[in-house]
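**Q** I'd like to ask some things about the structure below.
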Amino acid sequence: MASAQNESDKEHDSQHLRIVLLGVSGAGKSPTANAILGGEVFKESRTRESEIKTGIVEDRNISIIDTPGFFTSHLTDEEMKKQMMKSLYFAHPGPHVFLLIIKLETFREEQRNMVEKIQENFGEEALKFTMVLFVGREKVSRRVLNQIIESEKTQKILNHFKGRFYVINSKNECDSSQITKLLKSIDEMVKNNGEQHYSNEIYLKNMRKLREEERMKQAEMRLKQEEVILKQEQAWKRHMEMKKLQEDSDTWKQKGGLNQKEEIKMKSKEEGIKDDNERIKEDMNNGGEHHANKTSGKKKPEGRRLDNSEEATEKETESHDHLFRLMVGLELSEMALRLSLERAMAHGNLSKQGVSVNNVEDS
């Protein structure tokens with residue numbers, strides 16, 4: 001009973017062909033849909049939302065779903081995915097074929113990857129339900145047509161669809177025989193797919209796969225971003241460390257220069273004080289002998305003898321000098337003793353013995 005039901009569903013399904021049109025903006029999807037259905041059923045303007053029209057062609061129901069163009073600036077990627085999902089809702093239980101519309105006269109200028117867009121929106125399995133439809137045959141010569149079909153870029157696209165493609169004229173030049181041959185090509189593709197159509201189950205499975213891939217891609221992007229941030233932080237840390245080292249080096253140099261200047265000044269002062277001390281010491285040692293040096297330093301003429309008065313004067317001078325030195329020595333000793341006693345009294349040592357400075361002086 002179930003088998004008979006399946007056969008009935010297949011027979012009904014074969015009598016109702018569901019086609020989803022894909023392509024870039026301006027490729028001619030809406031005019032192609034009108035050419036297939038044989039009337040002005042779609043508005044030939046830029047499509048912003050997916051929409052469905054149904055007609056009878058050669059005694060069979062055909063539903064065509066028109067979609068917004070790939071790479072349109074009017075829709076975000078998320079909005080585009082919603083419109084593609086909407087096209088599958090219109091094509092329930094699923095389209096038999098995705099027709100990828102390519103305009104021949106502009107194909108050589110089109111460099112964007114339409115195959116990738118199909119995979120992003122419907123999954124990789126949708127490729128086996130896709131056929132390329134070149135439109136505008138009447139606008140190119142046979143030689144140019146062959147060059148386009150045989151070009152490396154075209155063959156790369158067709159390889160994703162096992163070489164399936166068909167060529168028709170533009171809507172105004174398209175006749176019924178071309179439409180009949182197109183429908184036969186579609187039926188042959190459906191037969192090769194085991195009379196199956198692209199199903200919602202396939203879509204959901206592919207969407208899960210795409211979501212998982214997207215999740216992995218985002219996780220990888222986050223890791224890369226974190227790695228970039230980490231590298232930036234490390235570079236900034238190194239920069240600050242180098243800056244601090246440079247500042248410390250400059251400070252050390254400045255301090256070193258100042259210290260060197262201070263050291264030179266201190267040495268100069270010490271040398272000056274030392275010279276002054278040496279000079280004072282020399283003056284003190286030579287102060288009492290200054291007059292004698294003046295007298296004795298003179299050379300006496302040879303053969304001359306000192307008389308008694310000169311000898312007396314010299315002895316008197318030496319006596320005065322000796323006395324002067326003794327007085328200076330006594331005065332220095334007295335000053336040293338006074339300082340020692342004052343220090344002792346400050347500590348209370350002499351007060352116990354009843355000694356005073358005056359008694360010492362009297363003694």
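Positions of Cβ are set from backbone N, Cα and C atoms, glycine also.
Per TrEMBL, the features are:
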- 14-207: domain 'AIG1-type G' (DOMAIN)
- 240-253: compositional bias 'Basic and acidic residues' (COMPBIAS)
- 240-319: region 'Disordered' (REGION)
- 260-292: compositional bias 'Basic and acidic residues' (COMPBIAS)
- 299-319: compositional bias 'Basic and acidic residues' (COMPBIAS)
**Q** By Cβ distance under 8 Å, which residues at least 6 away from the ends of the compositional bias 'Basic and acidic residues' (240-253) in the same chain are close to it?
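**A** Sequence-remote neighbours of the compositional bias 'Basic and acidic residues' (240-253) do not exist; the answer is none.
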**Q** Can you check how the pLDDT averages out over the domain 'AIG1-type G' (14-207)?
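**A** When the pLDDT values over the domain 'AIG1-type G' (14-207) are averaged, the result is 88.
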